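If you check TrEMBL, you get these features:
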DOMAIN    453-533  domain 'GRAM'
REGION    138-166  region 'Disordered'
TRANSMEM  229-250  transmembrane segment
TRANSMEM  256-275  transmembrane segment
TRANSMEM  345-361  transmembrane segment
Amino acid sequence: MSTMLKRLDKIRFRGQKRDEFLDLAESPNTSDTECSEDVVIKPRITVREPEELREEGELQMDVQAGPGSFPTALQDDPKTDLNHVKGLLEVALLEKHFFEEELRKFREESNVDLLKQELEKERCRRVELEQKMTDVLRARLDDSPSQSPKAPPPPPPAGSSTDKQRDTLSNSFLKWLNDCFGVYIEDFRFQPEETAVETEEPLSARRLTENMRRLKRGFRPVTNFKRNLSALSSWNSVYTSAIAFIVYMYAAWKGLAVPMFLFLAILRLSLNNLISRGWRIQWSIVPEVSEPVEPPKEDLTVSEKFQLVLDVAQKAQNLFGRMANILEKIKNLFMWVKPELTQKLYVGLWLAFIASCLLPFQLLGFIMGVYVGIKFFIIDFIFKSCPKLRRRFDTPYIIWTNLPTDLQLKERSNITLSRRVQPAGTRSNVSTAAPLGVSREEDGGRYYSTKRGAFHEVFNLSESERPLPVCENGWRCCLINRDRKTPTDYIRHGVLYVTENHLCFESSSSRSGSSKRNKVIKLIDITEIQKYKVLSVLPGSGMGISVATPYTLKPMIFGAMIHRDEAFDAIFSQYTKVVDKAKSTNPET
């Protein structure tokens, strides 16, 4: 029995080689347990080892010993031996399946078929090229004069030598052209454009701050140029502005405005070249203010990172808001959103078109140059010095300031839809054709109201008091009156407005339009106004405004205000104007 098991173990690791079987790609799809009769195994003569021959001899001797020896051995422990043989056969089948899978994967990865196809294509191409070369050589031999073996060849005619010379000259000329201009001609070969996919960087507070600083540094030359032009127009330096005005008007009178600007551009580039080499040259009307560069911190706490992200996000929000306002105003100007404003541009374009068709180019350029000089140096200076004249006669300023953005149009449409119709009994108490409790502007084209009625009626003010343009819809916030003890009076939610002389808070919890819970503070009575942080634990500079008056023991806090900085700037600027006006009227106080 031991000899039989040893023989089976040898059969497991011995057998036909892999190359004796058919290729897996050519063999039919059969499972490991199925048997195919179509598969033909190629016979192969192998040299057996002496040990194998000896084992076969032993096996034959065991067989010759008699039929009773093998059954006798199996009867010793038949179940165990059969299970062992079955296990060995299963292992052999699994190994066969594993080797076939490995072979299939290896052939798929190596792409042998593709390589064979490419090799066959290259062979066909080489055969075609060889055929073409033989055809060309055969054609040349046919063109040449045939040589007869009997008679000596006749002398070549003079024309054939000249043709050969021409061919050699043309070939050398073409070769020279290819050597000189072949590289440049190769550049004009059409190729499909390669699109490179840019990898997006993950969000990082430090990277965001650095990008904002780079953007600010990139815009610095543009802002400096704008400041210098504004300083020239405002006559900050009388001598510089006077010299610039005289030089420009002389150049425009002689028709040299364009060469003058080109010369200034060349001069500026030359100065930048000297500055890049280390020269200290300052050629600006307004001195540049160098901002201190903060060294980047290596380790930031969580609150510092949060505050950093908030600051950068606020700057990005304001920058994107300004850019969006400019683009939306330009779009609304050309889309006739305000017809009375677009009509002025329309008439101006027609006049410019007619003038360009009728007037000669030199006269038209002279008129435009003189007008630009007078407008920039004289008219703009007068308008900046006299704001009332600018609001009445400066047409570009009027068009640009009155152009609405999409956000303003949306807010106005919401206000129009949210207005309530005034009851018939109270309609006679209001001015003619005015909606419920709305105050009208002096030009009679606009009304102001709150959610509970007319603005001046809600706060018991005169009709001339109206919200400033910056807070037409107010700022949502909560009033914290620390003099009160009850929770309902301690904190009130509502909307904050600022007018020319008052700071008005409309409480959202007032019932039936009662104004008892509303708050009105005169700007002249405010003793102190500052930014306030309600909860010191939270990061940032806070979202509140502290207002102190003589009538309260503790300052009132307007907290939870999203646009706190914008509201503070508007309130503080109006408060400063009121205080300065009061000081000018009563200098003794």
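Every residue, even glycine, has its Cβ placed from backbone N, Cα and C.
Worth saying up front: this structure is predicted, and the values here are computed from it rather than measured.
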Tally of DSSP helical, extended and coil residues in the domain 'GRAM' (453-533): 14 helix, 31 strand, 36 coil
Other parts of the chain folded back onto the transmembrane segment (229-250), taken as Cβ under 8 Å at six or more residues beyond its ends: 257, 260, 285-286, 370, 373, 376-377, 380-381, 384
Rounded mean pLDDT for the residues that make up the domain 'GRAM' (453-533): 81
